[in-house]
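Asker: My questions all concern the structure below.
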Amino acid sequence: MLSLKLPQLLQVHQVFWEDGIMSGYRRPTSSALDCVLSSFQMTNETVNIWTHFVPTWYFLWRLLALAGGPGFRAEPYHWPLLVFLLPACLYPFASCCAHTFSSMSPRARHICYFLDYGALSLYSLGCAFPYAAYSMPASWLHGRLHQFFVPAAALNSFLCTGLSCYSRFLELESPGLSKVLRTAAFTYPFLFDNLPLFYRLGLCWGRGHSCGQEALSTSHGYHLFCALLTGFLFASHLPERLAPGRFDYIGHSHQLFHICAVLGTHFQLEAVLADMGSRRAWLATQEPALGLAGTVATLVLAVAGNLLIIAAFTASLLRAPGTCPLLQGGPLEGGTQAKQQ
């Protein structure tokens, strides 16, 4: 009878380690099968895997439920929402795969996260489509920013992927700079995408129910709060920095970061649906900023460009000698530098 043995776990002194995470590490040269089996074993990555695997199916269900509605796909008004939902399904799946297979080898770890960052970059672009279609302030419609909002978001996705991938090459020599670059890589596209919401929030601040079509729904507020909390958790490494070893398996910042990110995407979807419904009669009189041809062209170019960036960093990684510190799978000298994801 075939029996499968769960992989052995390692302690902090045996591997590259996360700040405040002392145990539960997988072997850095695990097989693909060991990686899959480890998702059913309690490691410090298990909750990371499942907190994005399950939401992948939730967002896929929402996509299929909306797209399967009567006449939904046939109406161009709905297309930006569908474009948003595609990367909303992709990014948690890419993250789940990255956390699952990153322990196969040092090179595999970096390549997994290159793809993870690329998926997040495409998600930032996907957010721009419904915001341009449904959430623009009235005074911005057909202005220069509105016309170039989605193309600019595509360029931002290139910057996001490039900076975040490059930050992995700085992890050992300049861990602080690496963290700053990676945080900036994802903060900037978020701030850009949400400019219409920030402007509408400023217009409606203190005006109560007299704000009309510029009013933000409660879901917008929840989305922005979750995004703020997500950024804080990513940057702070709390609570594990305050009590090293206490949150190795459950409750460390990356797990909370995943949960807040998924909740933020859920509330973002609800907010987009609210804008679609409440502003539809008014938006029906307006010309869309980007037609079908422009939407398809932007998506194709963005996907191709991000894949090329990832390929370039992957090629650089594959050319690096095995003695390169970035590719060492054992303990770091002195045990003081943290592997950052």
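Glycine residues also receive a Cβ, built from the backbone N, Cα and C atoms like all the rest.
I grabbed these lines from TrEMBL:
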- His99, His254, His258: Zn(2+) binding site (BINDING)
- 79-101: transmembrane segment (TRANSMEM)
- 113-133: transmembrane segment (TRANSMEM)
- 145-166: transmembrane segment (TRANSMEM)
- 289-313: transmembrane segment (TRANSMEM)
Asker: Which one, from the binding-site residues His99, His258, has the smallest tally of other C-beta atoms lying within 10 Å of its C-beta?
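Answerer: Counting other Cβ atoms within 10 Å of each of the binding-site residues His99, His258, the minimum falls on His258.
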Asker: Cβ under 8 Å, sequence separation of at least 6 from the ends of the transmembrane segment (289-313): give me the contacting residues as numbers and ranges.
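Answerer: Tertiary neighbours of the transmembrane segment (289-313) are 76, 79-80, 83, 114-115, 117-118, 121-122, 125, 129, 132-133, 136, 142, 146-147, 149-151, 154, 157-158, 161-162, 165-166, 168.
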Asker: Hey, what's the Cβ neighbour count for His254 (Zn(2+) binding site) at 10 Å?
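Answerer: 21, counting other Cβ atoms within 10 Å of His254 (Zn(2+) binding site).
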